[in-house]
Protein chains: 2
Amino acid sequence: MAALNEFDVIQTFFHRAAPEGYVGVGDDCALFSVRPGYQLAVSTDTLIEGQHFFSDVDPYDLGHKSLAVNLSDLCAMGAEPKGCVLALALPQVDPQWLQAFSSGLHALAAQSNCPLIGGDTTRHPYAVTITLTIFGEVPITQALRRDLARAGDDIWITGTLGAADLALRYLTQRLPMDAERLEQTRSALERPLPPYAFAPHLLGHAHAAIDISDGFLQDLSHILTASHCGAQVSWADLPMHPALRGVAPALQQAAVLAGGDVFELCFTAPPTERAYLLDLAAQHQIRLTRIGTVVPEPGLVVVDASGQALNLPAQGGFDHFSA
Amino acid sequence: MAALNEFDVIQTFFHRAAPEGYVGVGDDCALFSVRPGYQLAVSTDTLIEGQHFFSDVDPYDLGHKSLAVNLSDLCAMGAEPKGCVLALALPQVDPQWLQAFSSGLHALAAQSNCPLIGGDTTRHPYAVTITLTIFGEVPITQALRRDLARAGDDIWITGTLGAADLALRYLTQRLPMDAERLEQTRSALERPLPPYAFAPHLLGHAHAAIDISDGFLQDLSHILTASHCGAQVSWADLPMHPALRGVAPALQQAAVLAGGDVFELCFTAPPTERAYLLDLAAQHQIRLTRIGTVVPEPGLVVVDASGQALNLPAQGGFDHFSA
């Protein structure tokens, strides 16, 4: 196969007919309209080979995840997906890899109504580097934010916690391999699916929201700091992934409380919304768990079944510049 | 100075108070509204250390250029700048470098009314990798496009050609150093300034447009291919940068016709618009030059003063995946 140049790569793997109402790949900019009464929500995230994913990860999953991590940010604002652009930098052009990567990306784009409408491809001397920027629509002034939690709110999370972190520990040899547990947790790490259809229905019902990307404790703390309040969370109520049953309690705590790459939603809502929320979750086949309460005093306390505060690790969560 | 973490980097160097009508840095997404009657134009571009810029480039200039290359894409659609998000991946946190980089970016953002409203910072194991995604507003259905050139249109370009390419040849030792010429051309390479205030006034007057990023011949060819027509261009009319006077004719041709990194605008417009365009350029202190004509037959011909077609290099322009 002859070497593909930049334009071939775009044409072969990333170009799709622009959906109605969009001008897509092929001009200097992509164009689209925002519905009257809505505003635009924008987020951008980078995934780097060797830093955020392994060189031998399934490229289909990587294409999926490149969009998923950004869909997760839209969820945190309650925005509906509208479209995305991809900046892809590659050490070499591998048609098989590109075919799988673009298929994974396009599949989730189609599923979530978030078409790929533009981008930039270029050579990277060292590492596959993927930056995807996503656009969503949200009714003006209605977006969920980090700073709107109120004392008395329930705290909810979607999905389960701990699986992605456990898989990562096996894959980086920080834990002795357990093939069965890796099998059970790997898709949480490599093919996360944020609740993009569920989240927009939280508008007008939830107060504050964030997606869990750096670790549950750290991300919930961002809500509490921005909202000038605190929280009491019940360890027993946290929806631990079933594959964590039977692992050492310290590892369970670390994975559930501080594990990153979760891409589920943490939000607060007044207790009057419980029935609505549980009903909504059932409609969307989303696991939704009430895990604690927002309190007026600053500080985040996780209590065990007997009401004792857990001794939390000083360093929860993920700092991208730590060694 | 203690090591800065990811959140410190954002807070210290990139956070600015969100302009009226925006929710900016500090939540999961940035939020803003698009004016009624307008649609959104979006573009994304990546700059990689060692690939698109030298490791020792002035970081202030690099911050400027990261935004400038994207402003250039908005110009090509006639869109007004609205805002941008930055994905920045760094091998290490160097506060002095970050201070200068962010200052250069914020300065051009303020000048062009294109505030930085969000982003992502992360560690890159090897190379500074900068992806900026820009948003502009353009009246619905009015955007300049590549596919709307018509036979009989004049072809225009802003600014001059060849300087950035010449500077790059000196800096990569592909030409023996000429300190004076490097001095005269270096700012074209390192601090390009696309005509962002001029371009939106082309709507309703120009037909097709593109920004010159990969090389004049290649970029004009994109217009011609998309518009199913050809062009005749006069070599003598091409606005060669004055620093190219006196260099070998073959080098002049290569730099002017195929040199990349120009970030000026090439557009077509009917001859009835000449007075309007020259007046508009004067108002904006933009150098604007009419360089040729769109013709019905496919093909791009550059003729010399005697009307003879130049023998054009087979490979004009820049392919990001070529060796």
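Just so it is clear, glycine is given a Cβ too, placed from its N, Cα and C backbone atoms.
TrEMBL lists A:Asp28, A:Asp73 as Mg(2+) 3-binding residues, and of the candidates A:Asp178, A:Asp211, A:Asp214, A:Asp219 the one it assigns to that same site is A:Asp211. A:Ser43 (Mg(2+) 4 binding site) sits 7 Å from A:Asp73 (Mg(2+) 3 binding site), taking the Cα positions as reference. For the domain 'PurM-like N-terminal' (A:26-138), the DSSP-based tally of helix, strand and coil residues reads 36 helix, 46 strand, 31 coil.
Distance between Cα atoms for A:Asp28 (Mg(2+) 3 binding site) and A:Asp120 (Mg(2+) 1 binding site): 10 Å, as a whole number. For the domain 'PurM-like N-terminal' (A:26-138), the mean pLDDT of the prediction comes to 94. A 10 Å cutoff on Cβ-Cβ distances gives A:Ser213 (ATP binding site) a total of 22 other Cβ atoms nearby, all chains included. Nearest to A:Asp211 (Mg(2+) 3 binding site) in space, judged by Cα atoms and limited to the binding-site residues A:Thr44, A:Gly119, A:Asp120, is A:Thr44. A 10 Å radius around the C-alpha of A:Thr44 (Mg(2+) 1 binding site) takes in these binding-site residues out of A:Asp73, A:Gly119, A:Arg146, A:Ser213, A:Asp214, in sequence order: A:Asp73. Around the Cβ of A:Asp120 (Mg(2+) 1 binding site), the same chain contributes A:Val85, A:Leu86, A:Ala87, A:Leu88, each under 8 angstroms and 6 or more positions distant in sequence. Chain B has a C-beta under 8 angstroms from the C-beta of A:Asp28, A:Asp73, A:Arg146, taken from the binding-site residues A:Asp28, A:Asp73, A:Arg146, A:Ser213, A:Asp214.
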